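Record features, source TrEMBL:
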DOMAIN    13-81  domain 'K Homology'
DOMAIN    97-168  domain 'K Homology'
DOMAIN    268-338  domain 'K Homology'
């Protein structure tokens, strides 16, 4: 009965589905100047967010009432089919490969999706004609697994509907650590003379040589990585470009292994999203917003915290700024969370 309600869009529950895509697939969804994704958002009524761009893999988050999600999925599946058709017109291949989508599902829900002795997944395969595979291992640094669906667009849409039913019937148990694709190159941030690398959503103290490198940079020794002739570090005057940041004494340099000659002092702004459990949001906001304002000021990033949505145990945080601003804001947010979780108290 639940299924018929869902497929008719009568079950107006807000759901969030996460998809894992390669850069090329994301490019196809975004379209020229973002026109395709804009059209998808408008026509489906679903919210479609795409994680930031310096990763080989990206997470596409689709949120909305079930009927809006199915519309968005249909548009994505048909877009991918169109891409396959176009790529085949230039190739000699005769058999058409299926459309493939990868969902990211909390591991605690995968058991219900597979069913006793694989009964549920078998039923989904048989009734939709789509291929469905649940990865045996969790994705790195997360408690989520990839669920790969392939088939014709129609089979995929039917399959997603059935997966949504299962996800609604058996919500995730316990806290979910969402999968965050790793950047192609790991940025390094410096704070208080210590180097940190960003791994997933955590800042890990970095080996000594980088701290030494940072000291070299502070003395403004021209440091030329990988045989380049351009000094990798602009002088202090250029560093303080965080608007209203005013923390030049704490000059925070983000160093990417692929520093290009003539790199602009202000890289283009990008956006990053974090999901934080509701019960931990308070420690990030602080009394009357003191902590979040402090994080905004120190990182130079814009940070927006979404309102709590009914029935969701998580809140979305959107961080906008240069990659350096974003890295630092993430680090400061995680430092707050860590202090809360380990009971270290205020940092």
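Even glycines carry a Cβ here, placed using N, Cα and C.
Since this is a predicted model, take the numbers as computed values, not measurements.
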Helix, strand and coil counts within the domain 'K Homology' (97-168) (DSSP): 37 helix, 20 strand, 15 coil
PLDDT averaged over every residue in the domain 'K Homology' (97-168): 94
DSSP-assigned states of the domain 'K Homology' (13-81) in counts, ordered helix, strand, coil: 37 helix, 22 strand, 10 coil
